[in-house]
Amino acid sequence: MEVVGDFEYCKRDLVGHGAFAVVFRGRHRQKTDWEVAIKSINKKNLSKSQILLGKEIKILKELQHENIVALYDVQELPNSVFLVMEYCNGGDLADYLQAKGTLSEDTIRVFLHQIAAAMRILHSKGIIHRDLKPQNILLSYANRRKSNVSGIRIKIADFGFARYLHSNTMAATLCGSPMYMAPEVIMSQHYDAKADLWSIGTVIYQCLVGKPPFQANSPQDLRMFYEKNRSLMPSIPRETSPYLANLLLGLLQRNQKDRMDFEAFFSHPFLEQVPVKKSCPVPVPVYSGPVPGSSCSSSPSCRFASPPSLPDMQHIQEENLSSPPLGPPNYLQVSKDSASNSSKNSSCDTDDFVLVPHNISSDHSYDMPMGTTARRASNEFFMCGGQCQPTVSPHSETAPIPVPTQVRNYQRIEQNLISTASSGTNPHGSPRSAVVRRSNTSPMGFLRVGSCSPVPGDTVQTGGRRLSTGSSRPYSPSPLVGTIPEQFSQCCCGHPQGHEARSRHSSGSPVPQTQAPQSLLLGARLQSAPTLTDIYQNKQKLRKQHSDPVCPSHAGAGYSYSPQPSRPGSLGTSPTKHTGSSPRNSDWFFKTPLPTIIGSPTKTTAPFKIPKTQASSNLLALVTRHGPAESQSKDGNDPRECSHCLSVQGSERHRSEQQQSKAVFGRSVSTGKLSEQQVKAPLGGHQGSTDSLNTERPMDVAPAGACGVMLALPAGTAASARAVLFTVGSPPHSATAPTCTHMVLRTRTTSVGSSSSGGSLCSASGRVCVGSPPGPGLGSSPPGAEGAPSLRYVPYGASPPSLEGLITFEAPELPEETLMEREHTDTLRHLNMMLMFTECVLDLTAVRGGNPELCTSAVSLYQIQESVVVDQISQLSKDWGRVEQLVLYMKAAQLLAASLHLAKAQVKSGKLSPSMAVKQVVKNLNERYKFCITMCKKLTEKLNRFFSDKQRFIDEINSVTAEKLIYNCAVEMVQSAALDEMFQQTEDIVYRYHKAALLLEGLSKILQDPTDVENVHKYKCSIERRLSALCCSTATV
């Protein structure tokens, strides 16, 4: 046990961890029954969170309230600071909602009373919490055991982001969790204490519906959604009481000036409304008649069945979707039990429910009136079904007696009985029981007498939240912001009758399409303009809706007013996702707000068709979205061929060219998700020139590291002709091999000129190439790659082994840049420098993928093996390494995009000529850009759970910058090289010094602070001096 003042804790009793601390469950050393929560903050992190810690301690000491977590003690040890706080044994509201799904209005009122009481004292002291969310609202049971709602005490916790805000002042710091942030906070505008009211509104909405009102894939998407939509209207269920609906609409106002103030919140009628006191259900005499073959235990243990687990629900859903219809639903069928056991059912746990007995034979069913619209499930989930043994009642021979105060409702039910007497019966012959919620307008109830266990046919289909029978709105996950509400035809159906049918028939039978009037389908959903990336996802969701329903097939009118997407698992993950030739996919490519670095491969589209958007602002939005070219074709074709099908200018001629090029070129599969049609070089040659990157050439399609590409033989050329290439000079070094030898071999000629289109990138030194290529075209050998095996270099002046066949004399020619203007050469030099810099940055990402030593040090620190703490720290280390990788990849992508935009602007202005060197460097920049985007997407997918669970890391992540990482890596590289030099290990010292100098030089070009630039420049100069000293010593030796 670890001792902290008068308290102690065990490191195995981990409660949770946040951005700056780990929380353990502890106890008082003398009063062992006094449980506390001990927050341990490592002093290594204290420098970053010291201000937050001081504010939290000060605020907690000042706030003494039963609905605010109490602070008992603060202890400072050599390595840590401990806060001893009140322990809440009920977990947090997020766990409670995870277990319950949704809450009833009465339960919400009980919780909201306590939240308002805590907010009243915060408001009186001028404190804003700034991070109100279900995870920071704790639950405490008074008697240490789970009881009903009245025994739950709400506690507001985690005041790390809280601050004092005096009257008539505004704050502008980004704090909190994005889904619960007020729009003015997430948009980095000035805000006041009303930001907490928005957070309370989102929490209430989640308690009522099961999800926050406005969601998105990322904080950036949510911010864009708030910026686009000036007025927000949350989708409030129709069965919500007017007071609660008014409260939600008042709290969830986008403009803080229109938002409800604290005084109106504290005195709102919903909080002041006195809930109707619930009495025990009155037994209703029923029709007599035996139920054959019924048997059920009467033990109380089987009366209330617990909700099925997730695997069970998945199995149930599969059975329900594949099972045939079981006939028309039997609504509110009453069992043939007696009323003698009514006292057993009047438990306090049934506060929010009306238990309906099996009193009516299976051939009777009726609809509930609209006045008795059922409401959401609350405390417990009760299900009873099957066949129960009837008990003789003394009133069994009499007609049903109306329940007191419900004569009119009972008369209407009796009329419905008569009108629906001819409806079909249950094929299984067993009456069904159901659990129906009371509504505000009609607290009518029937007594469910006896008990029975659920049968498979009676199991309610759920998906993510609990569905009590009678819930007027099925669960479906919240749509992504910006998506288009679809109209369902198989999941929803509307009834024009005045009554709302409540079916809990778990059959998956489809509903005829004509049963869904469009006027009801649009309902009160929030409709917003779709983002371009969501169009493709919605197309996939529309394909799956008819075969993947998420709600019972016989839905009432309450189901049809709020169409929503299906379940989260189907958002954008349809196996049918492919790159097709539909106009919608093409529109996605040509209308995407992301920077289209390279234009269309055809000359009909103007090159450099790049939207004028800032690349840095789109990077995070890009990596969190899925492009339609995500999956590659299964037949092994390169995505670049498929991408041509997406082009608007696609034609049969284009397809035939693709087939020919596919047969000639051995093309590699692109790792990027951007279409190669967008990535083809737009820096085309001069108008009328055939030497353009818009044409298929070996330089454009050869993968890095691959051997040269051989062109097909033209008709009439002998395949066995020997080709000889004469150039002047010495053979090039392997490190400076030509990047292109796209040369058309000619027959024997004495011409000294060059007709090569690739000569500009060849080495200035001449050489003689002798070989027997399969055709008259020589392929290209990229840097570092070996040439074709049939070629060999012969020094100038020596006789070639054979002069038979074709001979070409290739004179050395000057690079194109020699004759260019200085602006051209400076821009090209800058592009090459940024290319080398980003390649060094990409090399750094390989070593940032997680620190395995951290886990080992944690084991030695805690002296325990395989503990929860070590596992969590190890996983946290891996995720943090991925965060650093993501930051570096995003920075590299930003720099590459900026370089490509610079090249585009310079070409348009005529300062940069589209020479071969320019085209090659642009091609390399674009390939690296695609690679960075692909890696960003993969890392974002891996970190989705990390970001969602660690919302408190958002400020810490903002402090992780690529510039700091690059600088630290350069310093470590120089230090390790100097250490190796001291120990005479000089294999790659010069290489590491050069790489560090290159990183610092690139860093000096992107830093903004002049002081930082000056320091980096001094460090780089010292590295260069050391390099010159090494060169001098090497020359001397």
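Residue numbering: from 1, along the chain as shown.
Cβ from N, Cα, C; glycine included.
Since we're looking at a predicted model, the values are computed, not measured.
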Just to confirm what the record says: which one of Ser323, Ser430, Ser600 has phosphoserine annotated in Swiss-Prot?
Ser430
Annotation phosphoserine in Swiss-Prot: match it to one of Ser299, Ser562, Ser772, please.
Ser772
Based on the annotations in Swiss-Prot, which residue of Ser509, Ser574, Ser582, Ser781 is described as phosphoserine?
Ser781
If H, G and I count as helix, E and B as strand, and all else as coil, what does DSSP give for Asp131 (active site, proton acceptor)?
coil
Counting other CB atoms within 10 A of each CB, which of the binding-site residues Val15, Val23 comes out lowest?
Val15
10 Å Cβ neighbour count around His17 (ATP binding site)?
20
Averaging the per-residue pLDDT over the region 'CTD-like region' (813-1037), what integer do you get?
77
CB neighbours of Ala21 (ATP binding site) within 10 A?
24
Cα-to-Cα gap, Val23 (ATP binding site) vs Asp131 (active site, proton acceptor), nearest whole Å:
18
For Asp131 (active site, proton acceptor), the number of other Cβ atoms found within 10 Å of its own Cβ:
22
What does DSSP assign Ala21 (ATP binding site), in three states?
coil
